[in-house]
């Protein structure tokens, strides 16, 4: 067809019309002579990109690309141009195109006329309406550029030392490069390199079912991961031999450390059958997984289990059993460990541990134990025929590693409905210590969850009477007729249920009195009352068991003395002090009164009511010595002399000087009073009397009296002062006689 005859027609449209007239290959392609087509990309951010063409098998080839832009009504065309082998001398290129519509992959083979041993130029055109977008052109030798396949089968994942190891089978020869990418629920994709797969290190493992195996290592995390693998052919020179393969299907792995569960275990007490019900409540934790692992196995926990391990009676055939989480259990009173397990692709992981301690029967059941020499025998009530028993004993307060147990299968039924077990080899129960003895029974001894507790008891081995004797008995006075007795706890008290009581015996050494007190095993003190003073007593203590009484302790002697309480001593001391204080106060007051009467105080002229002058004195003199009474004029000081008329008794004068006055006290009292009144009148006339002298105060007036050995009554002087009147101030008259 002459293309020049289609003048004015678009070359692309003309080319498409020609291809419609030609034959089409399997890839819906058309081969034409090269015309002038655009050589560069469209330059737009939209359109096809990352074109890659490669060989996928011996005869099959493929080209793929990516596209950015609207997906509706878009069509893609793959162009491939080459020089035919028989036109190498002319250099004339021929082109072929493959229309893929909206798909971004084109497959073809050698029969489509594409040379695979020579260079071929490829590009993609994407048409959207009247717009055409073109990719970058690539040149490729198809036969040597091979794209490998990703791991298509099962990828085995294992975990060790905080690393994940992935292994898979490949059908072609080894020699590929391997990469991985991973992401977690909170992170984006992270690219990692597995390195070349060679016959060393973590490379080829060997032939598995006629194929080769490859492996890759990547870090393990505490979160769920999504991992994908891709491969690329690697030449012997180390250069890449093809593009990267597609990513494999997601490989989902759980976290290395699973979150802890919060399961609550509820345990009921032992029932009459020797079993207790265990109920589990709560939900197992849910894991967060990446987007590609939602709904896919691998990252999630497959199931949750509970591992029940019976720590008691380890001589049984099987000591543990696994049950689903949430199942109600009926367990014996033995000690158990319960582990909550999470089953993942890596196996079982413990996410919670719980310890169930042993529980004893509420009622006491008889256990007969006898030890003689190297022979130890035990006897207890039998259960139903065909029952297997597990006898366990261990020293109390010791590690469980010292536990001894034995399985007992009675051959024939005892008429007395008793089970007897004896052994003559060690260990025996002859040491002086506490033993815990438990008997379990089961119809199915191979299942550790079907045992029941039929007997639990404690036994103190050796000579319990001697070992249980209380030590360090002491006696202390308490009240007037009682004492307190104390002692250290018996060694039997460390063995639950063995010590039944203490017995305290007190007796007088003269044999006149004796009594005993029963004390509970939890107490180590008792008060003894009803005792007498000044009597020698002795007290002893013993510890009794249910089987036999204990041995008496060493006697403790004491003499009961009446003691005075401290409060009485305090009151007596206070009374003595008060008595001394009272006697001292009374004595002081009595001495003061006696001194007052024996040595009265001197009379005060201003305060007395009378002054008696001796009758033998004929004169009476007063002297005022205070100059403040006469501030204007100062006169020579002289004494006032008053001469009393009358006869003198003895005719003698007082040995005082002339200004002094002597009064005759031998005259009658009335005569003396008259004379005193006259003397007072004379003193008033002279202005020598003062009313400003306070009563009882002689600080401003000096009145020397010539008494001659006889003192007048205080009433006379008092009358003188009472009749005194204040005179007008004036110059005093000295030396005037009455």
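Every residue, even glycine, has its Cβ placed from backbone N, Cα and C.
If you look up Swiss-Prot, you'll see 20-565 marked as topological domain 'Extracellular'.
Averaged across the domain 'Fibronectin type-III 1' (47-152), pLDDT in this predicted model comes to 88. Residues or ranges marked as domain 'Fibronectin type-III 1' in Swiss-Prot (evidence: sequence analysis): 47-152.
The disulfide bond annotation in Swiss-Prot covers 53-63. Annotation note: residue 63 (disulfide bond) sits in a strand segment as assigned by DSSP. Around residue 63 (disulfide bond), the C-beta neighbours below 8 angstroms that are at least 6 residues distant in the chain are 51, 52, 53, 54, 78, 80, 98, 105, 106, 108, 122, 124.
Annotated domain 'Fibronectin type-III 2' per Swiss-Prot: 152-258, in sequence order, evidence recorded as sequence analysis.
Annotation comment: Swiss-Prot describes 244-248 as motif 'WSXWS motif'. Summarised by DSSP class, the composition of the motif 'WSXWS motif' (244-248) is 0 helix, 0 strand, 5 coil.
Taken from Swiss-Prot, the feature domain 'Fibronectin type-III 3' covers 259-359, and the record attributes it to sequence analysis.
What Swiss-Prot records for 360-465 is domain 'Fibronectin type-III 4', and it gives sequence analysis as the kind of evidence.
Per Swiss-Prot, the feature domain 'Fibronectin type-III 5' maps to 469-565.
Residues annotated as topological domain 'Cytoplasmic' in Swiss-Prot, with sequence analysis given as evidence: 592-738.
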For the motif 'WSXWS motif' (244-248), find every same-chain residue at least 6 residues outside the stretch whose CB is under 8 Å from a CB in it, and list them.
147-152, 155, 179, 181, 228-232
Within the domain 'Fibronectin type-III 2' (152-258), how many residues are helix, strand or coil going by DSSP?
0 helix, 52 strand, 55 coil
Tell me the residue counts in helix, strand and coil for the domain 'Fibronectin type-III 5' (469-565), as DSSP assigns them.
4 helix, 42 strand, 51 coil
Could you tell me which three-state DSSP class residue 53 (disulfide bond) falls into?
strand
Residue 53 (disulfide bond) CB neighbourhood, other CB atoms within 10 A:
23
